[in-house]
């Protein structure tokens, strides 16, 4: 499969805002304003030296405004990107090699997300000093803590464990 | 009856349904949500057998030790587990108060249960944090029974409630009213989940500020195709249709204002006059302790089942310990 990954929204001037990458992952059609949360969920903070480009509130045909995240040198797996469905359900993932998109997929809602979110319930056992990582069941309209069973429908980005 | 196997994501359930020995096949008892109708019936049938002839099981677990880990004060539940284990011939060890234990030194719950599982054949845990029993069960191999995890679950209370309902009114084609503090009352949530396994009409009666949490309502709807759920702010309109009225205490500390508390709590108290419109067969239950939700004049009527309910904690906990210890002793050869 070959595609010019910067031009599929019909905005020829994208490369002026966010440069093309040679090899890596482009996460496109992220809801406007969520790009930094996408990076947080993926645990990418630049400290490993990855080249990361972020476009925020870029004009889009599909949404009025979208965010776009490009990570040079890292091909993200389906499992890694599925967790993005919680905050960027419409995101498309382009795996790029030598400037060509070789794989393109949508995020799918996983059944379970582990070690990504922290429980907002202060009475939950996972909020103490116990040697336990968080686990959330993914519901149609939110997430549910696997320990205290608290359901969170709004404000999921604020629970991202950074 | 279904023989299907299933597992939860955290693996707390090994298998559901009746085996050829009609044993309950869980490793742990964490929440009433994990219990199928077959599981509930297995426990209640065993409890009824024990109730009818307690001497038949007097030495059944003579070499077994039950560990009690109570991180919150409890008198009834703790005493009831202690008695149940002793009447099975077993013995009990007790962590004692938190002040005198390693917890005071900052030990995690995960470490506490990993150490104590080496001392006991089964553990009973009460802990103030929600989800504590689920977490603890992930660290131990011996059966773990949840005796209350904060605002979470209290499944052994649920099973003794179900036993009392079955003895007095039957569990199918049941119309039950559950009244009082439905927001914070974990016994109410656990009981409601369990009742979705049966053909029941559940009426929830509470002031608006103490209604069932929306998450619980969501779960009840998800879980119970056979259950009808209605919410009311007054008992009057549905009292005549009820087989069982389950009353819970409205706590003073839920209200910032004393007058407000007096006014609201008063509307959810029952006496002989309240029950004039009730069916003769109405069974009145309460998890106890009560304050003034049920007038003492009801105690001597045929409606009152709350002391019987408390006493039922013994055969039901004996049945649970018996089933879980039996499972555990048989170990991996089960499959």
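The backbone N, Cα and C atoms fix where each Cβ goes, and this holds for glycine too.
Summarising the annotation, TrEMBL assigns domain 'Aspartate carbamoyltransferase regulatory subunit N-terminal' to A:16-108. What TrEMBL records for A:113-153 is domain 'Aspartate carbamoyltransferase regulatory subunit C-terminal'. What TrEMBL lists as Zn(2+) binding site is A:119, A:124, A:145, A:148.
Residue A:148 (Zn(2+) binding site): 25 other CB atoms within 10 A of its CB, across all protein chains. All protein chains considered, the CB of residue A:124 (Zn(2+) binding site) has 24 other CB atoms within 10 Å.
DSSP classifies residue A:119 (Zn(2+) binding site) as coil under the three-state reduction.
Within 10 Å of the Cβ of residue A:145 (Zn(2+) binding site) there are 26 other Cβ atoms, across all protein chains. Taken residue by residue, the domain 'Aspartate carbamoyltransferase regulatory subunit C-terminal' (A:113-153) breaks down under DSSP into 3 helix, 15 strand, 23 coil. With DSSP states grouped into helix (H, G, I), strand (E, B) and coil, the domain 'Aspartate carbamoyltransferase regulatory subunit N-terminal' (A:16-108) comes out at 19 helix, 38 strand, 36 coil.
Residue A:119 (Zn(2+) binding site): 26 other CB atoms within 10 A of its CB, across all protein chains.
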